[in-house]
């Protein structure tokens, strides 16, 4: 029984050792220097947090042409790990720069040379090409001397060497040959000893006898991490610079105002984070294995899909080759037929000319006919012969080949085809569209406009996705509303919820598939249903000074003679007229919203609402007023007097002039503007591109908003005992444009309620 238990314990121990050995072997790739591909020797931590051997870093800087920035050679230990026999084999093959190159480098500003002052105004910036992230990192003016050694990584490498027995046993450095196996090491002496040599070199009663022995090692490290600038032990961590600092570094100007914590706090916080992350990974090994299986399956699908893609491309290219071969054969056949036809015509012409030679053919026959003495017979035979001789004579006098020898008409222009074949490439999905934020807005509907980047492949159609962000989050993945196959580069989203925030995104699609989504765009919808109305110029207006557009959505006030007289006689009394334009609708219930744009160059404009009866009574034939600061409503507006009245005023106006909005007492807090001692008595804010007016008839309240950001500017009471209509007042020159409803644009409409939901 005891033997069985001992055997079981031995088996468990061996299994544990095998697991540890396997784990250490799998960790080896994390311990290899990216330059020499060997285990780290005195690794340095680069600013990009990657590691590289100190010797390899010097080699890289030397290849880059930097001289004298490889760190302090005296800081390099004299342990066996730093001897030339154990360094990277690349160092033995390194070619040093030639003297003439060194001279050029020194004169160009690298290193130090006579005449160059230390601490110059423009110190040299040393850039190190990190082999891990393939990026250039700045080492500072001190180069490698300003970097920390990664002592933790050195300890891990040493434990790995001991676990896998890399390099065999460590021998004593002070024994006579043959050396014995080392049993102790000394950090102060930076050497390994056997028992006898350790006693010999650390005699009793001397200062060396106080050296603490350590395990034998090939790499001796300092007891603590030292500051490379001041050679003192680091005690704090700068969160701003993300760098360990010593006591002297804390008081330097470079860390003034930085958030610095003790290294113990940074150690505990980082250790807790690392432990938590590692615990999560170790607790989800099943998930990791599942994802590995999924990735392996993806690899198999990738191999199969890649092979299919190769076959499809080969088939298509063979098809192109077959079409070209068929076309080549037909073109060659056409040339062959043309050539044979020309050769036949030329051969016939040659035969005709040969018959004109003396004693042969037609000439010989004519000579024999001329010997005929019988006149009737001669005439009978010579008539046809004469015609042939005449034609031959004419051909001889006007000679030209029967066919051309040139085949220029058979030349091919393949420039366009060659360009198409050269540009033949794989189909690419459209790039992520860019949403035009200047043209995208929300009013009665949401108008969305976008465009593709300049060099993006075209898209056949687009997919729009959107959702509300101000609704409680539901468990599970985010649910989007989607609209498929939207043509063009703009669309309308109908019936949005009022007072909501929508996030929208777009992606394109073509034969190659769907592209990436655009960046998310957030839009605020109006706080109430949009009120559609036109301008009505029948009440309290002067047709000489007011010009209403044909669509009745814009009005402009032209300053007349009274304003010119006021400008000429500033110190004398003058009278200015108030020009008023009302909306053609009146609100009797619910909540309503509308928006308008005021010309920033307007002299004085008042935008608001009022009781229809009071407006008609006050402004129908309204008298002139003494000053442009005249308040036409005698009620509440942003520049009105501060007197408190119990009854709600019949009017509510926002005063705009010269690109500014005047906010009266108590309005600055609504606009988010306060002074040191509280809200100011009055203030001005910049005029936004569009103003929004929200009327709550039941509550008797009017809110003035920035129609772009929906930031509140002013809220005031209003008497809603009767119909209320929009009103616009002008003193001097000015212009107002009502925002056009989005639904009037001839764009593709997208109904929100009918969309399928995307998980």
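In case you wondered, yes, glycine gets a Cβ from its N, Cα and C as well.
Residues or ranges marked as compositional bias 'Low complexity' in TrEMBL: 73-89. Look at TrEMBL and you will find 630-639 tagged as compositional bias 'Basic and acidic residues'. What TrEMBL records for 222-263 is domain 'B box-type'. For 370-427, the entry in TrEMBL reads domain 'COS'. If you look up TrEMBL, you'll see 429-528 marked as domain 'Fibronectin type-III'. Per TrEMBL, domain 'B30.2/SPRY' is recorded for 513-747. Residues annotated as region 'Disordered' in TrEMBL: 67-98, 623-643.
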Checklist line | Composition by DSSP (helix, strand, coil) of residues within the domain 'COS' (370-427) | finding: 35 helix, 0 strand, 23 coil
Note to self: As a quick check of your reading of DSSP, tell me how many residues in the domain 'B box-type' (222-263) are helical, how many are strand and how many are coil.
What the structure shows: 8 helix, 11 strand, 23 coil
Note to self: Can you work out the mean pLDDT of the predicted model over the domain 'COS' (370-427)?
What the structure shows: 82
Note to self: For the domain 'Fibronectin type-III' (429-528), how many residues does DSSP put in helix, in strand and in coil?
What the structure shows: 0 helix, 46 strand, 54 coil
